[in-house]
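See structure below.
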Amino acid sequence: MYGRDPWGGPLEIHNADSATDDDRSRNLNDFDRAALSRPLDETQQSWLLGPGEQKKKKYVDLGCIIVSRKIFVWTVGLILAAGFIAGFVTLIVKTVPRHHKHPPPPDNYTIALQKALMFFNAQKSGKLPKHNNVSWRGNSCLNDGKADKSGAVLKDLVGGYYDAGDAIKFHFPKAFAMTMLSWSVIEYSAKYEAAGELNHVKDIIKWGTDYFLKTFNSSADTISQIVAQVGKGDTSAGPDDPNDHSCWMRPEDIDYERPVTECSSCSDLAAEMAAALASASIVFKDNKAYSKKLVHGAATLWKFARDQRGSYSAGGADAATFYNSSMYWDEFVWGGTWMYYATGNQSYLYLASHPKLAKHAGAFWGGPDYGVFSWDNKLTGAQVLLTRLRLFLSPGYPYEETLQTFHNQTSIVMCSYLPYFSSFNRTKGGLIQLNHGRPQPLQYVVNAAFLATLFSDYLDAADTPGWYCGPNFYSTDALRKFAEKQINYILGDNPRKMSYLVGYGTHYPKQVHHRGASIPKNRVKYSCTGGIKWEKSKKANPNTIIGAMVAGPDRHDGFHDVRSNYNYTEPTIAGNAGLVAALVALSGDRTTKKIDKNTIFSAVPPMFPTPPPPAPWKP
């Protein structure tokens, strides 16, 4: 029998090879015994053995990796043990009483700052808020403006601040005080926040600006007069003409008439009030409605100041005796600068940086009082403000020439503060005599300390290590050391070991020249002359006016703690505002709490706006 071989050859099948089924079975059995006589590998055994007979695996397949069973068991055990230990430790930590880590104690400048702000609470006029926190003060002078018989148009003049130890409201130094406080908040809001005083100082500023909005028609675009003063300070008046200086009374007990003084030609006052409202508008920029109201009021005052030229203290006005203004040109530079920062309108910057205005303001005069920043002379402060603009924004033409001059002059003023130069004398105790030995020196010292610290912070923020005084280079630390030495003197590091900040330390003036602090709150109403016994008393004031910086020592470091001598013991809000600014600038950690470079420029448009894209190219 033949078959076809697919490879081409014959395939023969022999009949002899055929066998029965039994034969085939015997042959297969013989074959199987031969095959099973050899050892089987693991795979072959898995084919032959049933599931119950499989050997225990030595490895564990985790899907992405195969690990030894022994290692796997140990790992799981360690994880469970670690979890148990962590849970046990957590339970212990939660059950054991905690000892919270207290923040570091505030530095001396922060402590003094908190006290210095309290003085403004003691000086508030009108209906006091519940949180005023001065127990011996109450509502006072609630008829200001209403009972005036001088023909004043504005009848609601309740509120604001009393200037010093009396109850007069002088608007010229008060406006300067509010501007200084706003400036310090704009630059150092983070430090105020760290001291827990940001809301407090903003309340103080708003109390002042709310009042200023009452002193002119703030809703109008054009005005013809503003209020310059409430109260009268004629010390020559007799008993038939009681006033705020001839009487010694608590403000709460005042029952005499308080005249209102208006002016229709007072550029210095109006420009300073414009600066106060403009700077405050930056402080309250997050309150858009109120900030806008302040800006509008500032613009109205600025227009009035420019249109109706004149000095508020001219013509023998009462204010000339106490706060005489030497000129109004410096207020134009100062106020114009703040108007620019508040609005971004470059017309204000153009005016503030104009060379002719700088010349009128005394930028090129020199003289013994050059560089002395005060409620009367704002030029030095304005130059520092405009130097800031040059350092951080560099506006260029047409402002650069004047800004560079102001920058150079600011550097010269800072040099004059250093002890290596003889521009100003110093007492043996180290107090700089910015007013050349005249009384009440501390108000000038604190302003200089603020400007020096601020300028050093400007240079640090601009990555500039210092500045030149002639051929000599001084680091910014020299300015800070100057400021610290002056403020430390005020706080008690002086030959008398006397703190001139009431309530700071243990040795401070006890007979402060202040009517409200010197008369006890005993439900007895003392008359105009009846309260004089408290002025003449040799005892300490029954009420401690916390935070008041008194006028200060004389040029020999001497001080007389006598209530009747105001040249030593009377505080003012203008002086305290400078002290607050200097204290907040020096407070806290210099490395972490720095100036706010950008907030003051929040309304300023980009100096060099992005140019429009080029027109589409056409072939």
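Placed from the backbone N, Cα and C atoms, the Cβ positions cover glycine too.
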- Give the range, chosen from 1-24, 217-240, 241-264, 505-528, that TrEMBL lists as region 'Disordered'. 1-24
- Query: When the number of other CB atoms within 10 A of each residue's CB is tallied over all shown chains, which of the active-site residues D561, E570 has the maximum?
  - Reply: E570
- Task: Any same-chain residues 6+ apart from H513 (active site) with CB under 8 Å of its CB? Would you list them in sequence order, or say none?
- Result: A164, G165, V550, R563, S564, N565, Y566, T569, E570, P571
